[in-house]
Amino acid sequence: MSFQRYDYDVIANWIEPGERILDLGCGDGSLLRYLGEVRQVRGYGVENDPERIVACARNGINVIQIDMEQGLAGFDDGFFDHVIMSLSLQAMRNTQGILREMLRVGREAVVSFPNFAYWRHRQAILNGHMPVSKNLPYQWYDTPNVRFFTIADFDTLCEQEGIAIRERLAFDEDKVITEEPNFLASVALYRLGRA
Amino acid sequence: MTEQSVGIVAPQTAHFNTPLPLKSGGVLPEYDLVYETYGTLNASRSNAVLVCHALSGSHHVAGVHADSGAVGWWDNLVGPGKPLDTGRFFVIGVNNLGGCYGSSGPNSTNPATGKPWGADFPFVTVEDWVDAQARLADLLGIERFAAVVGGSLGGMQALSWTLQYPERVGHALVIASAPKLTAQNIAFNEVARQAILKDPEFHGGHYYEHGVVPTRGLALARMVGHITYLSDDSMDQKFGRSLRHDKPVFSYDVEFEIESYLRYQGDKFAGYFDANTYLLTTKALDYYDPAFDYSGDLVAALSRATADYLVVSFTTDWRFAPSRSREIVYALMHSDRRVSYAEIDCPAGHDSFLLDDAQYHAVLRAYIDNIRI
């Protein structure tokens with residue numbers, strides 16, 4: 001099972017059938033498509049990449065082309081059951097703003113991100129190079145990522161912002177990591193609520 | 001499949017004897033609608049697509065008229081292998097009531113007087129047009145459109161279709177449109193109307209009987225319109241400050257190339273379009289406001305819709321700005337409708353919707369390909 005699919009299963013487990021879902025940075029819409037199949041969600045994606053807009057249209061996914069950095073003005077408070085941002089938070093500049101917006105328009109937020117403190121990444125840095133891995137597949141000069149943070153950093157931010165961590169799962173590939181996740185996990189998934 | 005033209009096409013006329021009640025309270029006792037069709041209606045009559053025209057458009061959406069060589073106004077979209085593929089869909093274009101291309105309008109004969117309707121042609125609204133189009137659909141045996149498509153004022157008709165006849169529309173493609181005009185937008189229309197109304201040859205709208213046409217007013221109206229259909233950048237790129245004589249000659253004759261362009265466009269338009277149609281159509285634009293009966297609540301107004309939607313806007317369109325399209329998108333989303341929205345980065349302003357920008361057509365093609373028939 002690929003990681004991507006594992007990520008999807010965790011998210012699907014946090015979602016009740018028939019929910020209203022907003023997927024921020026929805027790519028080609030494959031997560032929404034999956035959630036449509038297994039949870040019959042009423043899903044909308046947000047993207048700003050022209051090619052991905054076309055891909056979503058091709059996949060029959062509701063996609064709305066806006067720049068998330070500008071926030072989610074126009075989306076009503078609490079309209080969505082879950083607002084998802086899968087492996088995109090690290091590519092957003094306005095980190096605090098978008099987290100606030102996610103919990104404004106959604107009852108809960110689901111966030112996943114690559115853990116920059118993963119031991120292999122630490123090893124790369126120790127060897128003198130920026131990490132390049134399955135979940136950080138870019139060179140330093142072409143990466144779309146603009147925020148580099150760890151599981152520990154994100155926990156601190158949630159506390160600071162008054163965001164309740166309802167559930168957290170950390171993974172190395174498709175393996176659940178319970179011990180020392182900030183060292184051993186490459187990716188973390190969070191279910192967040194308003195504290 | 002490579003893109004092809006639908007080839008030579010010819011308009012048809014349908015006559016309707018059943019009076020059409022209008023939103024204004026008036027009634028059109030009988031009327032003609034001129035229309036064209038492209039492609040073939042399938043056996044289950046499920047592949048019909050209606051294309052609604054904007055302010056100066058017509059039923060001639062695609063293909064070529066044999067006599068004049070005129071190419072349809074949305075020929076780049078409609079045809080075999082094109083995004084709206086006539087190999088798959090049966091596409092209909094219809095000239096709206098009040099028009100000047102053959103459907104009943106101010107320049108056609110008022111059956112009560114035997115003279116041209118002129119200013120006596122009743123006010124028609126977007127809703128009235130949709131009602132008339134629905135009767136044409138009845139006549140053609142189309143119970144339900146796979147899609148209704150339109151840009152600008154045509155987008156308003158597509159949206160209105162889904163509210164007036166929700167069970168008769170599968171998808172609505174609402175392009176470069178708005179849920180209602182802003183004060184600024186109405187203001188532009190009012191300048192255009194005043195130009196026509198104040199032309200000494202307007203004669204209260206009965207200029208046909210005087211054998212004249214208020215061409216100066218109509219040309220001026222078109223000039224104002226043209227400015228608003230282009231973007232600042234596209235105008236600058238096309239004309240800049242180019243001078244015909246390479247230097248100022250201190251005259252009110254054409255000096256700047258943009259003046260030449262506007263005068264040419266204005267005069268050309270005044271040579272074929274009807275001034276009363278322009279007046280009526282701009283009023284239809286101004287009046288359109290589906291949320292009016294819902295205290296301005298667009299979500300409530302859209303609650304009876306059942307269609308799926310694609311909304312498209314263009315970054316440089318300031319006459320029907322992206323923010324206006326987003327109002328439609330958010331209202332549809334909050335009404336739990338399926339809706340997608342693309343904001344196309346195209347430099348050509350409002351006119352972008354008539355062009356074949358690659359991203360624009362890619363989005364339309366991807367969306368339309370998924371329409372089940």
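The chain as shown is numbered from 1 upward.
Glycine is no exception: its Cβ is also placed from the backbone N, Cα and C atoms.
Predicted automatically and left uncurated, TrEMBL annotations should be read as such.
Residues or ranges marked as active site, nucleophile by TrEMBL: B:Ser152. What TrEMBL lists as active site is B:Asp317, B:His350. Feature annotation from TrEMBL assigns substrate binding site to B:Arg222, B:Asp351. Residues or ranges marked as domain 'AB hydrolase-1' by TrEMBL: B:47-325. What TrEMBL records for B:Arg319 is site 'Important for acyl-CoA specificity'.
Features recorded in TrEMBL, as mapped to the structure shown.
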residue	record	Cβ contacts under 8 Å, 6 or more apart
B:Ser152	active site, nucleophile	B:Ala54, B:Leu55, B:Ile175, B:Ala176, B:Ser177, B:Phe320, B:His350, B:Phe353
B:Arg222	substrate binding site	B:Ala192, B:Gln265, B:Gly266, B:Phe269, B:Ala270, B:Phe273
B:Asp317	active site	B:Ala176, B:Ser231, B:Gly349, B:His350, B:Ser352, B:Phe353
B:Arg319	site 'Important for acyl-CoA specificity'	B:Asn185, B:Phe188, B:Thr228, B:Tyr229, B:Gly349, B:His350
B:Asp351	substrate binding site	B:Tyr229, B:Leu230
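The number of other CB atoms found within 10 A of the CB of B:His350 (active site), across every protein chain shown, is 24. Per-residue confidence over the domain 'AB hydrolase-1' (B:47-325) averages out at a pLDDT of 97.
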